[in-house]
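J.: After the C-alpha cells below, expect a handful of questions from me.
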C-alpha cells in the first residue's frame, strides 16, 4: 500500500492504438556506444528456463527455450565503406559466466577487445572479443559475427537459433572493436522464448499472481456488494468510496492478467492493455490514499464534509495521480527485458515525497480525530478508529521493513542473478494493499447498524459548537426519577450542556 515507487493522460490516448514488441526484441537503427576499448549495443537480458530440445526438429518446439536471431543486419554509410572491416560480433552468455568475457594482460586494466599484448600471449585474436569457454559447457558463451567487405554497406547475420539447456539470466550484446565502424547501426530482431511462452522468466510468475489477485478481489467484491445490496438504505458516503476502490482494484488486476497472458501467448506486448492496467492501478492507488486521508479526518463519520480542506485534498490527489501515472508508464509500457526498473530518479522522487507527505498527513489527522472522539466519549466510533489506527500502524511498520529488505535485495543482486525470486518484491505491495483494504471493509461493512458509525447532526453539535450556552435539551429515552417536571427549557452552562449531550450520544450508540 505504501509502495515508494508513473505520462500524462494525453499519452494514454496517443499510445492506446499501438503495440510494442514483447519478448521480440526489435532493433531499429541502434547505434554502438563506446565501452572501454569496445563498441557495444545491448541486445537484451532475460531469465530463461531450460527447455526440452528435440535434436531432429528444424524449428524449436513449443516446449523449447531459445534465442532466435532473425534478419539481424549491420549498416554503414557510404562515407565509411571504402575498406574491409573487422568482425561485428554477437555474444550470448549466462550471467554466471560474465567473468569469461574480457581479460587483461599481465594483470593490467581489463579489456573486452583483444589487444596486441594479449594476442602475443596467444589467448585471443587481435580485434576480436575476448572470451573463454565455460567449464560447465565448453560451447558457451556463444560468439559469432560478420564483417564488411570493401564497398559493402550491409552485413547480415544468418538466421540462427540458440537452444537454452540451462536455466539462467541470459545477456545478449552486439560488439565490435574497429573504431572505423563507429557509425554502424543494428537492425532486425531477436526472439526470446521460455518453455511456457514468451514472458520473460522474471515476469512469468506475475501472470499467475495477478490471476490469484483477480480471484481475491472477486471474492471481496462479492462479500461487499452483497452487504451493500442488503443494507443499501443504511449506506453512508464513506462506504461508497470503499466500493469505488474495490471496483477499480478488480479492473486493475484483470487488466494486468490479460496483459501478461497476451504477452505470453504471442510474444507481443499489447500497449493498449498495459496502459489501461497502469491507469486503473494509478486511479485506484490515488483514490485509496484519499480514502485513508478522508477517514482519518473523520469524513462521513464525525463531519459531513471536509470543509476548507477539500481543495487541498483534491490538489494532492491530482498531483499524486499525475506523478504516479508518469512513473508507472515509464516502468511498464514497452518493457521487454528482465532488467530492474528503469525509471529515472527524477520520476521516483516526486512519488516518494508525495507518499511520505500523505502518510504524515493521515496520522496527524487520525490523532486529532481520536482525541476528539475520546474527549466526547463517542465510544463506538472510538473503538472502530482505534482498530483502524492499529491496522494502519502495522501496515506502515511492515512497509518500512519491506523497503529495507528490498534495498538489501537490490544491493546484493547487481547482476540479476536472483531473478527467479524478484517477482515477490512488487507482489508484496499488492498483497499488503489488499490486506489493508480487507481490514477497512471489515470495519465499515454495510450492515443494519451502519448508521451508528456515520455522521449525525448531534455529533456535529458536539464537535463544532463552541458557544457559551446551549439551550436545547433532548428528552431522555430512558425514564428517570430525576427528570424535572418543568416543560420549559432553561439555559444551562456550557460544560453541563456538553455533559448531557455526551450521555445522550452514548445512549444513541
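Positions of Cβ are set from backbone N, Cα and C atoms, glycine also.
No curator has checked TrEMBL annotations; they are predicted automatically.
Copied straight from TrEMBL:
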SIGNAL    1-22  signal peptide
DOMAIN    205-450  domain 'GOST seven transmembrane'
TRANSMEM  209-226  transmembrane segment
TRANSMEM  238-258  transmembrane segment
TRANSMEM  273-292  transmembrane segment
TRANSMEM  304-323  transmembrane segment
TRANSMEM  343-363  transmembrane segment
TRANSMEM  384-403  transmembrane segment
TRANSMEM  423-445  transmembrane segment
REGION    480-509  region 'Disordered'
J.: Take the C-beta pairs under 8 A between the transmembrane segment (238-258) and each of 209-226, 273-292, 304-323, 423-445. Which stretch has the highest count?
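T.: Per the Cβ count, the answer is 273-292.
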J.: Among 209-226, 273-292, 304-323, 343-363, point out the range having the most Cβ pairs under 8 angstroms from the transmembrane segment (423-445).
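T.: Answer, by Cβ pair count: 209-226.
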J.: Please report, as numbers and ranges, the same-chain residues at least 6 past the borders of the transmembrane segment (304-323) whose CB is under 8 Å from any CB of it.
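T.: Residues 6, 8, 282-283, 285-287, 289-290, 293-294, 297, 347, 350-351, 354-355, 357-358, 361, 455, 460 contact the transmembrane segment (304-323) from elsewhere in the chain.
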